[in-house]
Amino acid sequence: MSSVAVLTQESFAEHRSGLAQQQVKVTALNSEEENDPPTYKEAFPPLPEKAPCLEAAQEPAGPWSKIRPIKASVITQVFHVPLEERKYKDMNQFGEGEQAKICLDIMQKTGAHLELSLAKDQGLSIMVSGKLEAVMKARKEIVARLQTQASATVAIPKEHHRFVIGKNGEKLQDLELKTATKIQIPRPDDPSNQIKITGTKEGIEKARHEILLISAEQDKRAVERLDVEKVYHPFIAGPYNKLVSELMQDTGTRINIPPPSVNKTEIVFTGEKEQLAQAVARVKKIYEEKKKKTTTIAVEVKKSQHKYVIGPKGNSLQEILEKTGVSVEIPPTDSSSETVILRGEPEKLGQALTEVYAKANSFTVSSVSAPSWLHRFIIGKKGQNLAKITQQMPKVHIEFTEGEDKITLEGPTEDVNVAQEQIEVMVKDLINRMDYAEINVDHKFHRHLIGKNGANINRIKDLYKVSVRIPPDNEKSNLIRIEGDPQGVQQAKKELLELASRMENERTKDLIIEQKFHRTIIGQKGERIREIREKFPEVIINFPDPAHKSDIVQLRGPKNEVEKCTKYMQKMVADLVENSFSISVPIFKQFHKNIIGKGGANIKKIREESNTKIDLPAENSNSETIVITGKRANCEAARHRILAIQKELANITEVEVSIPSKLHNSLIGTKGRFIRSIMEECGGVHIHFPTEGSGSDTVTIRGPAQDVEKAKKQLLHLAEEKQTKSYTVDLRAKPEYHKFLIGKGGGNIRKVRDSTGARIIFPTSEDKDQELITIMGTEEAVKEAQKELEALIKNLDNVVEDSMVVDPKHHRHFVIRRGQVLREIADEYGGVMVSFPRSGTQSDKVTLKGAKDCVEAAKKRIQEIIEDL
C-alpha cells in the first residue's frame with residue numbers, strides 16, 4: 001500500500017473535469033458558481049523566495065505550455081549506480097564476468113553504446129550513447145539488470161496459496177506477467193505463509209494488491225468492499241501508510257487499498273464482523289470528513305520538474321502529506337499536462353504549495369555552450385573526464401546531444417553550478433589548444449586511407465597527435481574530420497590529401513583464377529602471398545571469401561605496379577595449371593614401406609628427381625592407391641619407377657587384355673562395384689582401365705601370376721556376357737546374413753555359382769547400400785541363382801530358438817575378451833545370438849536364437865571349438 005498520488009491518464013482527466021462539482025462546494029474559497037479550481041495567484045500572494053531561472057523565463061506563460069519536442073538525434077547520458085545498489089560487486093577485475101555479458105546483451109538489444117568505469121567509491125559510472133529511444137531502453141535495462149531489485153513479502157493464510165497459484169499454475173503466471181514481478185510461494189510442506197514478491201516498486205504494489213484480493217475472496221471471515229474516490233486514498237492510507245497500519249492493528253482487520261498504479265476505487269476489508277464494522281466506520285468517517293473539509297488548488301509546474309516533486313520512490317509526496325496533511329496529485333508521465341493539484345484543508349494549502357515549489361526548484365536544468373566537435377574530448381576516453389565530475393556529484397545528470405553546440409546539466413542546484421563551472425573551464429581550455437579541419441575524399445578510398453587493420457590511419461594519428469574521424473561505409477559520406485593540436489591538424493590534413501590524390505591515379509583489375517588454386521597462391525599461413533605483397537608493396541590483393549565460390553581476385557594500386565603484379569600472378573597460375581596433373585597408382589599395401597624406404601629416402605629421391613608431389617595413404621587406411629601430382633611427363637616417370645620397385649620385390653605379373661572400350665563402364669559398375677568384386681575374389685589383383693574418352697581397349701591386370709590368370713578369365717567371361725546376353729537382377733538381404741550366404745572361404749556362394757553359372761556380387765564396406773546383392777549372367781542362370789538365394793534368405797528370416805549343452809568349464813573361453821568368440825560366431829552365422837548362463841551358476845544350458853540354418857551352423861561351430869579345447 002502506498003499513498004503516492006500519481007494518477008492514471010483516465011482518472012486524472014476525469015478528476016479535472018469534475019473538480020468543481022464534487023470537491024469544492026463546502027469551502028469558503030470556492031463558490032458554487034465556479035467551474036474551475038482557483039489558481040495559485042488567485043488564492044495566495046506570490047512567493048518572493050526564488051527568482052525564476054533563465055529556462056523558466058523562456059517558457060510560455062500559459063498554464064498549458066507545450067513540452068519540448070523529443071529530439072531524434074544521437075545523445076549521450078552519464079549516470080551513477082552507487083555501490084550499495086550494484087548487483088555485481090564481487091569481481092576480480094572490473095568489466096569481467098556476468099556484468100560484461102549483460103552490457104553486451106543490452107547493446108545488442110537496444111542499439112545503444114555503453115561504456116562503464118569504476119568510481120573511487122566503488123560506484124558504477126555508465127555512459128550511454130545513441131538515439132533517444134535506444135538510450136531510454138538501455139537505461140531501463142541497466143536499472144533492471146545491473147541494479148538490485150526491490151522485494152517485499154505478503155502474508156496470507158496457507159490454505160489460500162493454492163488460489164493464487166491457480167489451475168496448472170496459470171493464475172500465478174498471469175499475475176507475474178501482468179505485474180512484471182517474480183512471485184515465490186512456499187512449498188506445501190513449508191509451514192511459512194509468507195509470499196515473496198521481487199520486482200519494481202510499482203509492480204510489487206500491484207502484485208501485493210491482487211494477492212490480498214484473492215485471499216479476501218477465499219477468507220471465511222467477513223469481507224466488505226467500500227467505494228472511495230481514488231483522490232481520497234492518500235488520506236486513508238496516511239503518510240508512509242502509517243494511518244492504515246494503525247487502523248489494521250487497532251481493529252485486527254485487513255485493509256487493502258489499491259496502489260496508485262492500479263486504477264481501482266474499491267477498498268477491501270477482511271476480518272471478524274464487529275471489528276470489520278469498526279474499521280469500515282472509521283474509514284468512512286475519514287472519507288466524509290475529508291470530503292467536507294478539503295478543497296483543491298491547481299498550479300502549473302514544468303513537466304521536467306514533476307519527478308522532483310514526487311521524489312525517490314514517492315518520498316517527497318509522503319513528506320508533504322506528513323508535514324501539511326495535503327495530498328499532491330501529479331499527472332501521469334505519459335500525459336502532456338503540467339497541472340499539479342493540491343488537495344487539503346484551506347489553511348494548509350499555502351504551506352503545501354511552498355513545499356511543492358521548494359521541491360520543484362531544488363533541482364535545476366542548465367546548459368554550457370560547447371562546439372559539438374569538442375564533446376567527445378570533454379567526455380574523454382571511456383568517459384574518464386566526465387567520470388571525475390559525476391563521481392564528485394553523482395546526482396548531476398549530464399547530457400550531450402550530437403550536432404548541438406551545448407551540454408545540458410540537470411540535478412541539485414548547487415551541484416549543477418559546480419559541475420557547470422568545471423565543464424566551462426574544460427571547454428575554454430580545449431578551445432584554446434584544439435583545432436579541427438575537414439577534407440573531402442571520395443568514400444570509396446576511405447578503407448585504403450585506413451589501411452590493413454588501421455595501419456595507415458593509426459600511424460598518422462600517432463605521428464601528428466590528432467584524432468581522425470572517417471565516416472562508416474554505410475553513410476557514403478566523403479567528409480573526413482581531423483581534430484587536435486593546430487599544427488598536427490595541418491600536417492595530417494596535408495598527408496591525407498596527398499594519399500587521396502595518389503589513390504585517384506590508381507586502378508583496379510580483376511584476375512580470373514580458379515578458386516582451387518587460391519589456397520596454393522596464399523600458401524601455408526599466408527607465406528606465398530606475403531612474398532608477392534613484399535614484391536609489390538603498393539598493390540592491394542584481395543581474394544574472395546571461400547564461401548562465395550568466386551574466381552575473381554582483385555588487384556588495386558598504381559597502374560604500372562598493378563600490370564607488373566598481374567603478369568607475375570598469371571605466370572604463377574600457368575605453372576600451377578601445368579603442375580596440377582595427377583595420376584593414381586595402385587600398389588600392394590605390403591610394398592608401401594619398401595617404396596618409402598628407410599627414413600623416407602626412396603620416396604624423397606623419386607619426388608626430387610621427377611619433380612612431383614607423391615601422396616601415400618595413411619598406415620591405418622585400407623587404401624592401396626598412391627597419388628602422383630605434377631607435370632604429365634614427370635608423373636608418368638614417377639609411376640614407372642614406383643611400379644618397377646613393386647615388380648622387383650615380388651613375383652608380380654602384368655598382362656594386358658583387349659576389351660572394347662564401350663563395355664568398360666558396364667564392367668566397372670556403379671562406383672567400381674563389379675570390378676572391385678573381381679579384384680577381391682582374385683587375391684587383390686589390380687585392374688587398370690584406360691582413361692575415359694581415350695578410345696583405348698587395353699585393360700591392364702597386375703598381381704601374382706596365378707591370381708592375374710584367374711582375374712583375366714573372369715574379366716573376359718564377364719565381357720563376353722555383357723556383349724552377348726547379359727542379364728542382371730538385384731536381391732536384398734540383411735547385411736548380417738551376407739557372411740553366412742557367402743560361407744567360410746566363399747564355399748556356400750561358390751556352390752550356387754557352379755550349379756547355375758551366374759555371377760553373384762555382394763556389397764563391400766565402401767558401398768552405400770549394404771543390403772544390395774547383384775546377380776549377373778544369362779537370364780536362365782540368373783533366375784536359377786535368384787531362386788536358390790531367395791530360398792536361403794527366406795530360411796534366414798525364419799527365426800528360431802534352440803539350446804545345447806556346454807560343460808561350464810568351457811564357458812569362460814567363449815565369454816572372455818568381452819565375448820570376442822561369440823561376436824565372431826555372430827558375424828560368421830547371420831547374426832545368431834548365443835547366450836551363456838551367468839557366471840556363478842552351475843547351469844550347462846546355452847541358448848541360441850536366429851535363422852534356423854544359422855543356428856544349426858553355429859551349434860556345429862561351437863561343438864568344434866569345444867572338441868579343440
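Quick reminder: no glycine exception, Cβ is built from N, Cα and C everywhere.
Residues or ranges marked as region 'Disordered' by TrEMBL: 28-47. If you look up TrEMBL, you'll see 148-216, 220-288, 293-361, 362-428, 433-501, 505-574, 579-647, 651-720, 725-794, 798-867 marked as domain 'K Homology'. Residues or ranges marked as coiled coil in TrEMBL: 775-802.
Outside the coiled coil (775-802), and at least 6 residues removed from its termini, the chain residues within Cβ reach (under 8 Å) are 674, 718, 721, 725-731, 733-734, 737, 740-741, 752-753, 755-761, 830, 847-855, 859. On the 0 to 100 pLDDT scale, the domain 'K Homology' (725-794) averages 78 in this prediction. Assigned with DSSP, the residues of the domain 'K Homology' (148-216) fall into helix, strand and coil as follows: 37 helix, 15 strand, 17 coil.
Assigned with DSSP, the residues of the domain 'K Homology' (220-288) fall into helix, strand and coil as follows: 37 helix, 15 strand, 17 coil. Per-class residue totals from DSSP over the domain 'K Homology' (725-794), listed helix then strand then coil: 37 helix, 15 strand, 18 coil.
Here the domain 'K Homology' (362-428) is broken down by DSSP into helix, strand and coil counts: 36 helix, 19 strand, 12 coil. The DSSP breakdown of the domain 'K Homology' (651-720) into helical (H, G, I), extended (E, B) and coil residues amounts to 36 helix, 17 strand, 17 coil.
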